[in-house]
Amino acid sequence: KLILKQALIIVLQWCFNHNFSIRLYALVALKKIWNMCKTMHVEEFDALTSVIESSLNQVENMHGAGNAKKNWQRIQEHFFFATFHPLKDYCLETIFYILPRLSGLVEDEWIAIGKFTSFTDIPLDAGFQWYLSSTQLCDLEPGDWAQQDRGFNSGEADDQSEWTDVQKKIIPWKNNVPDLDLELAFQDRAAKLGKSISRLIVVASLIDKPTNLGGLCRTCEVFGALVLVVGSLHCVKDKQFQHLSVSAEQWLPLVEVKPPQLIDYLQQKKAEGYTIIGVEQTAKSLDLTQYCFPEKSLLLLGNEREGIPANLIQQLDVCVEIPQQGIIRSLNVHVSGALLIWEYTRQQLLKHGDTES
């Protein structure tokens, strides 16, 4: 009963998740747990009965919800909800042999149950075979394990197109917008997306690691930066970049400026009224907590190892550093960038808030 109570509390929280698919999976889990509670007559949960059953009735009787009803039925047929038993299948055979086989791992990665007999006093022919699966799990094929979450192949073209043509992603640099109109186009797109128009440009052309670039891309998109400048647009195809950016590159304008072109780019932006701000520890660096960001700010981030080279430091209007109290004298470049991006955003929000009031 204690385990059921813990499971119920966790699943109920996921039932309120903002993501529809997560809510749907959580409701399926809630249905199974609640049936067990009713079977075992767990009276401690009587106060929750009306809430839980009304929630389950609502999802069971969905009407006009497109694929929602189909997904609800399909999820209940999934491996972990319909076939896998969390108690009866919790054994050595399942963990080391059945699941690797069903997952499509090469046969060398499977560990047959016979390998464990030398580590146990219980022979294979004993009555109490605690390390063997007591269900029909071993009879399944890899296809039975696969989770088919891409909709239904009903054979009807309309149904298939409805499922697959859900959203058109925006990739700004494929629109062939002339450079002179680039900023106006980005501002127009931001306005259509309902986002505030920031004047912050983040330049990450010196950064090498895809993980740092992906993290920065996500941070810039979240806080509404005007544009992220990278050394090569090919970085968006990197799996590590994509893992960290979580599709932010499809909503944030990216511009390619190779490192040898940076001096010209910075001078151009300075002529447009931007203050060029370097994130670097120098003899004349200003404390981030004391610095007031201009509205038109360009943030130049250094390389992971060398930082900002000397020839580019000469192009900066100011260097800003993050106050530190520890022994290690440097932060990850993505973390440093995120701190300054947030501080810029915070100051602009306060400034506009004061203006409106």
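Start at 1 and count along the chain as shown; that gives each residue its number.
The backbone N, Cα and C atoms fix where each Cβ goes, and this holds for glycine too.
DSSP assignment over the domain 'tRNA/rRNA methyltransferase SpoU type' (200-341) gives 57 helix, 29 strand, 56 coil. Taken from TrEMBL, the feature domain 'tRNA/rRNA methyltransferase SpoU type' applies to 200-341.
Within the model, the domain 'tRNA/rRNA methyltransferase SpoU type' (200-341) shows a mean pLDDT value of 93, rounded to a whole number.
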